[in-house]
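Presented below is the structure to which this report refers.
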Amino acid sequence: MESWQFPQGVHPNTSKPAIEPMASEASVPKREDFAKLVLQGPEPPSLWYELIGMLRKAVRYRSADKHFTLSVCAMSILHSLFPILEWSKSYSLKSFRSDIMAGLTLASLSIPQSIGYANLAKLDPQYGLYTSAVPPLVYTVMGTSREIAIGPVAVVSLLLSSMVKKIADPTLDLASYRKMIFTVTLLTGVFQFAFGLFRLGFLVDFLSHAAITGFMGGAAIVIGLQQLKGLLGLSHFTSNTDVVSVTRAVWVSFHEPWHPENFFIGCSFFLFILGMRFIGRKNKKLFWVSAIAPLLSVALSTLMVYVTRADNRGVKIIQKVDAGINSSSVKQINLNGPYVPECAKIALICAVIALTEAIAVGRSFSVINGYKLDGNKEMIAMGFMNVAGSLSSCYVATGSFSRTAVNFTAGCKTALSNVVMAATVMVALELLTKLLFYTPVSILASIILSALPGLINVQEVCILWKVDKMDFLTCMGSFLGVLFGSVEIGLSVAIGVSFAKVIIHSIRPQVQILGRLQGTSIFCNIKQYPMVCQTPAVLTTRIDTSFLCFINAKFIRERITGWITEKLDEIRSVVLDMSNVANIDTAGLAALEELREELLSHGIQMAIASPGWQVIHKMKLARLIDGTGEAWIFLTVGEAVEACLASKKSGDLEC
């Protein structure tokens with residue numbers, strides 16, 4: 001058997017070059033010998049080789065002219081873990097000035113939002129500030145995004161409060177609740193780090209864009225309804241998150257004494273924040289007006305309550321906020337208790353949601369600035385920062401879209417703006433916490449409410465309806481699940497519908513009948529291109545699935561045999577175009593063998609065109625080639641059809 005030369009490169013199972021330099025025209029095989037290339041190719045990369053390749057890619061040093069020594073390996077790992085070592089070399093004073101201004105602007109928004117999100121997570125205000133202090137510092141040295149702003153976010157805060165309360169009720173035992181929060185945060189970081197280390201970013205994709213759109217919209221409405229407690233100044237309120245329970249709690253509260261001053265303060269400053277945001281969007285130079293509006297609202301409302309002593313007339317205030325920067329929470333993490341499996345489940349959900357939001361935000365702004373975001377490095381950075389946060393009294397942090405937009409608009413150049421923000425938050429923790437004593441709770445509710453419209457994307461839902469009804473069903477399933485059930489139900493519905501969509505498409509892949517475009521060797525789907533001509537006596541089909549396996553092999557075989565049965569007197573040959581089939585399992589091989597034997601019993605010849613690399617390799621190992629015959633394996637569909645026509649001496653019937 002002749003050995004053809006293949007494109008220049010390295011053989012996948014050795015480190016030797018695959019060929020000599022480009023062959024001359026004289027050595028190029030003739031058209032009739034092209035099919036032999038399919039059978040004489042090298043073996044595809046083994047699973048072990050691919051795993052080793054992934055490891056090499058993760059740690060290798062980028063400079064090709066350096067030999068792989070221990071010191072080079074160490075430098076490679078350091079540069080991989082700490083991207084700051086790369087971009088800091090070209091950092092300038094001009095960039096530093098831009099980052100300082102962006103960081104200060106970012107801090108003016110982060111401080112009030114962090115306090116509000118801590119309240120949403122059923123934690124004391126200082127824990128929200130802690131989460132805006134330590135994680136951003138870790139991310140700055142390990143993250144690859146220049147614009148992303150790190151800190152607590154509304155959706156993750158809701159996730160924690162709604163799921164952890166089932167283990168420890170914060171109204172009954174706040175200390176145990178905090179321990180569970182820190183334990184979940186540690187495990188969240190471990191999961192995120194593992195995703196990045198083992199390049200498991202595809203797990204985040206299990207939550208599709210449609211599912212996230214619906215989940216975010218439902219969560220935004222639930223969060224908004226939960227803020228009615230602070231906005232109305234209610235003392236008793238349901239801990240459930242579904243819309244029915246919240247609506248019932250609000251209705252019951254109207255029959256109890258309440259103080260309208262809370263509602264007046266909250267609504268007034270809610271409208272003030274929205275007005276400042278409108279001004280900032282109309283005039284890009286006044287972006288800072290929108291950014292400082294929440295902080296200004298906190299300052300003015302606190303001053304109003306203090307001067308008028310409205311707290312004596314029923315206005316709910318924050319009261320004490322512990323001063324000082326983060327204290328250690330190492331001793332509060334419990335990895336030996338009976339609730340660890342439940343904490344791990346919550347952590348896995350939080351890890352996926354937090355990564356999905358952060359990577360989506362980071363990629364959105366990296367595209368605008370023309371650089372590539374490394375998803376695996378982002379996961380490792382997020383993991384490290386949450387592990388560090390869990391040890392320093394922080395809860396789960398991730399990238400915030402609203403704060404990232406402010407950071408970008410403020411002109412940040414690098415992630416150093418997060419350092420400036422964190423330093424400002426630490427100063428506030430040391431010096432300004434006493435000033436927050438008279439801050440009304442309703443102002444925190446108004447700040448959270450003002451951030452929610454960005455989570456509801458009605459336009460995207462309309463696009464989903466027009467483009468893909470299954471995606472729309474996924475979106476509405478997660479939306480209604482969160483709204484009328486719980487966060488867990490919404491996520492379960494979203495993942496369930498997404499998996500159902502994948503399974504349906506896998507079970508029933510497209511199997512098409514092909515026809516030749518007259519005057520060419522191009523074969524197309526006869527339904528999509530009605531003008532093509534079918535070749536009499538030859539049934540040409542294309543299998544449109546990347547993996548011919550146990551889940552779809554029977555369906556594909558029955559679909560082809562059904563067509564053959566309909567035209568049994570006319571068909572003399574069947575050509576299977578397997579150019580789209582990248583891999584096959586034993587069930588797929590068995591289905592091909594059964595199809596070949598069934599065709600043979602009717603005197604019909606089966607030919608296979610353009611099988612994938614893994615497919616032809618497994619067909620050789622399973623000796624399916626011996627049954628089919630090497631002469632009936634072809635490089636192209638055109639060659640297979642011509643061979644079938646020639647073998648039946650029916651070339652005059654060709655279209």
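Cβ coordinates are placed from backbone N, Cα and C, and glycine is handled just like the others.
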Legend entry - Where TrEMBL places transmembrane segment among the ranges 347-368, 435-456: 435-456
Legend entry - Three-state composition of the domain 'STAS' (548-644), taking helix and strand from DSSP: 55 helix, 15 strand, 27 coil
Inset, instruction - Might you confirm whether the transmembrane segment (181-200) is in contact with the transmembrane segment (263-279), defined here as three or more C-beta pairs under 8 A between residues 6 or more apart in sequence? - result: no
Legend entry - Cβ-based contact of the transmembrane segment (476-500) with the transmembrane segment (181-200), 3 or more pairs under 8 Å: no
Inset, instruction - Counting only CB pairs under 8 A, let me know which of 181-200, 206-225, 286-307, 435-456 has the most with the transmembrane segment (408-428). - result: 286-307
Inset, instruction - Count, for each of 181-200, 286-307, 435-456, the Cβ pairs lying under 8 Å from the transmembrane segment (380-402), and report the range with the highest count. - result: 181-200
